[in-house]
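Chemist: Heads up, here are the entries from TrEMBL:
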type: TRANSMEM; residues: 45-67; note: transmembrane segment
type: DOMAIN; residues: 53-539; note: domain 'K+ potassium transporter integral membrane'
type: TRANSMEM; residues: 178-199; note: transmembrane segment
type: TRANSMEM; residues: 219-237; note: transmembrane segment
type: TRANSMEM; residues: 244-266; note: transmembrane segment
type: TRANSMEM; residues: 292-311; note: transmembrane segment
type: TRANSMEM; residues: 363-390; note: transmembrane segment
type: TRANSMEM; residues: 411-433; note: transmembrane segment
type: TRANSMEM; residues: 445-467; note: transmembrane segment
type: TRANSMEM; residues: 474-495; note: transmembrane segment
type: TRANSMEM; residues: 501-518; note: transmembrane segment
type: TRANSMEM; residues: 538-558; note: transmembrane segment
type: DOMAIN; residues: 552-789; note: domain 'K+ potassium transporter C-terminal'
type: TRANSMEM; residues: 578-596; note: transmembrane segment
Amino acid sequence: MTSRMGIDEDSGETKGGMWDLDQKLDQPMDEEAGRLKNMYREKKFSALLLLRLAFQSLGVVYGDLGTSPLYVFYNTFPHGIDDTEDVIGALSLIIYSLTLIPLLKYVFIVCRANDNGQGGTFALYSLLCRHAKIKTIPNQHRTDEELTTYSRSTFHEHSFAAKTKRWLEAYPFRKNSLLILVVIGTCTVIGDGILTPAISVLSASGGIKVDHPKMSNDVVVVVSVIILVGLFSLQHYGTDRVGWLFAPVVLLWFLLVGGIGIFNIWKYDSSVLRAFSPVYIYRYFRRRKMEGWTSLGGIMLSITGTEALFADLAHFPVSAIQLAFTVIVFPCLLLTYTGQAAYLMQNKEHVVDAFYRSIPDSIYWPVFVIATLAAIVASQATISATFSIIKQALAHGCFPRVKVVHTSKKFLGQIYIPDINWILMVLCIAVTAGFRNQSQIGNAYGTAVVIVMLVTTFLMTLIMLLVWRCHWVLVLLFTVLSLVVECTYFSAVLFKVDQGGWVPLVIAAAFLVIMYVWHYGTVKRYEFEMHSKVSMAWILGLGPSLGLVRVPGIGLVYTELASGVPHIFSHFITNLPAVHSVVVFVCVKYLPVYTVPEDERFLVKRIGPKNFHMFRCVARYGYKDLHKKDEGFEKKLFDNLFLFVRLENMMEGCSDSDEYSLYGQQTQNSADYLLRNNGNLTTANNDFTCSTVDSIIPVKSTNQGNSTVTSSGRESSQAEVDEMEFLIRCRDAGVVHFLGNTIVRARRDSRFYKKIAIDYIYAFLRKICRENSVIFNVPHESLLNVGQIFYV
């Protein structure tokens, strides 16, 4: 072999011939040139289906917002009402809080920032990762950007968006800071999933004491715990069934509280309608001063559930959620708060039980039953949101592997996570039984909600700059208005940290440690794979047998690398004297997209000459995708591998005069490109062509994969038939899955906190999380774990 010198364009350094050979032999995968993109679009919903989904969304998304009237006025005035004018001021604050945050900010602005229907902090982060190189695990390649779901925009070099992008990408510290911000938002949403059921069910059950004042509070707590156990036990039925079960309850609830509100306004004091004037907010603060400021912690509870509204977008389309909110939720909430205020104008001593006291006696018990059921539904909103956001975090390498169950064949976003469900139940019962007081839980709840909203505001600022490319004046206006409102609330809830507000902070801190340590370990493991990978030139230098005995069968070597030979393979072949006749390096990676279409999921290429029988397969998934056990990952991998061999032989058999089409969708430019690659850089070895070394074909799982591909009507070549028969014989002989059983340890000279994080926390999480073999549905008898230890 003639040694040639290669030049590294980035560094200008002269490389040796081995480097040059390695670059040719195992370049990262290249896209199929000229492939026409059929842009993936969400299906359109008919009017009837939209109404149905809007109806269902009431039972899943809006229960939390809908049950806030149970406890808002009590938490606003925990020490009683001194002046009825304070009621008008508090009502005015509630009205404008509902208008500014849920209606204007979330329903009409933030919901538009969804990632093809996916909501939550990690969906926003995924959008940003596609528009700027801020992902902390550097496993992306330009071929990933060719996906039909990888929508992104380009910037003018001197635009404000381009400057922002360069600023974010400049230092790893900024990328890590952004990720930590996203993880904090995620952790506080999980905190909401614990606190919402506690305060909603406890507040609803408290209605028993209104009719029986001498009843012990222990009875209320026991009833609440029983209801919570039942609620979490229902989760495995899925959002679709739970939505149908709960939606009628919530619709009836909204109509009831809206109707009671109208009745109370008419019966007690219609002058409360003055609260629609913002002047009374100014008078409220001027009169109550610091006490009025701290009361914002209670007012804040009127908009709890808004963050779940955005995170639950995965379960329903945006249009359905917007329709339900504007037509049913928003008007009914305004009516019920106004009605309660009208009642308190004449009965200010009843502020502790304002909601139940304002109910007409004739319908008290029916409303109590519906209120209890609605409180259960309120819990469903944040539980569903927690499932969605943890699934997204898992795909970004920020959460230990857990079992994810898709509960609907129609809507892939509807999921259930058993492990998280039971953890939430235990923590929720602990909070309910520990506090036994909705006031302290309310303080904790407000703290969690406002932190999520602040995180969303910061992320939305970047979305408006990098994704929407709004004028900086509009971005500044949105950011300033949002921060003024939310920072005001945040300053108020800080006064109540010692009165229960510490709970979400502790919960969020615990989940933050788990998520960040897991992500840190994931990044370090990937860096180890990158630094310890073996040169492909070294492998090829061993010859067709790799210097070992080639035994019948196929070996699937799992790795996180899209190029190069993983360390586990070199470790294996240096310790055992045999390797399988066919070796496939399998790389499974998640991309910052919501889904990867099935026909673009697998990328296959050949490594080295044909007689080596070595391949690489990259399987790409979005954070919404799930490995379907019924289809089988292994079966789909082989279908795509066989199809690749057929297509490869078809391209080699083409001449310059041939006119052919891949699936009837390739342009003549594609054919020219493929023919050009077929003719160039052919060596003396007929088995060693450019197409077998550095070509790549994104294969599609179509019916054509089951038939022989022909070129200009000719029979497929004998070489193709021989190789196909060889591959099938090897598959029938047996398939072995090689998985790395990596043990991560902190170096001896590491600081004590790093040793605790790696040697104890990360090691514990690795021990309890799901194995990759379970995720890929690998039979136990076909699994071979290759152990290795590395130090960070």
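Glycine is no exception: its Cβ is also placed from the backbone N, Cα and C atoms.
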Chemist: I'd like to know if the transmembrane segment (578-596) touches the transmembrane segment (244-266) in this structure, counting it as a touch only when three or more C-beta pairs sit under 8 Å and are separated by 6 or more positions.
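Modeler: Contact between the transmembrane segment (578-596) and the transmembrane segment (244-266): absent, because fewer than 3 Cβ pairs are under 8 Å.
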Chemist: Examine the transmembrane segment (45-67) against the transmembrane segment (292-311) and state whether at least 3 Cβ pairs sit under 8 A, considering only residue pairs 6 or more apart.
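Modeler: Touching, yes - the transmembrane segment (45-67) and the transmembrane segment (292-311) meet the threshold of 3 or more Cβ pairs under 8 Å.
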Chemist: Under 8 Å between C-beta atoms and at least six residues away from its ends: which parts of the chain pack against the transmembrane segment (292-311)?
Modeler: 61-66, 68-69, 71-78, 86, 89-90, 93-94, 97-98, 101-102, 106-107, 110-111, 114, 119-121, 189, 192, 196, 284-285, 321, 325, 333, 337, 378, 381-382, 384-386, 388-389, 442-443, 445-446, 449-450, 452-453, 456, 488-489, 491-493, 495-496
Chemist: Quick one: do the transmembrane segment (501-518) and the transmembrane segment (219-237) have at least 3 Cβ pairs under 8 Å, skipping pairs fewer than 6 apart in sequence?
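Modeler: Judged by the Cβ rule, the two regions do not touch, with the required three close pairs absent.
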Chemist: Looking at 219-237, 363-390, 411-433, 445-467, which one has the highest count of Cβ pairs under 8 angstroms to the transmembrane segment (178-199)?
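Modeler: Between the stretches 219-237, 363-390, 411-433, 445-467, 445-467 has the largest tally.
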Chemist: Residues sitting near the transmembrane segment (411-433): Cβ under 8 Å, six or more positions beyond its termini, same chain?
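Modeler: Hits for the transmembrane segment (411-433): 117-118, 190, 193-195, 197-198, 201-202, 221, 224-225, 228-229, 232, 235-236, 238-240, 313-316, 383, 386-388, 390-391, 402-405, 441, 444, 503, 507, 595, 624-626.
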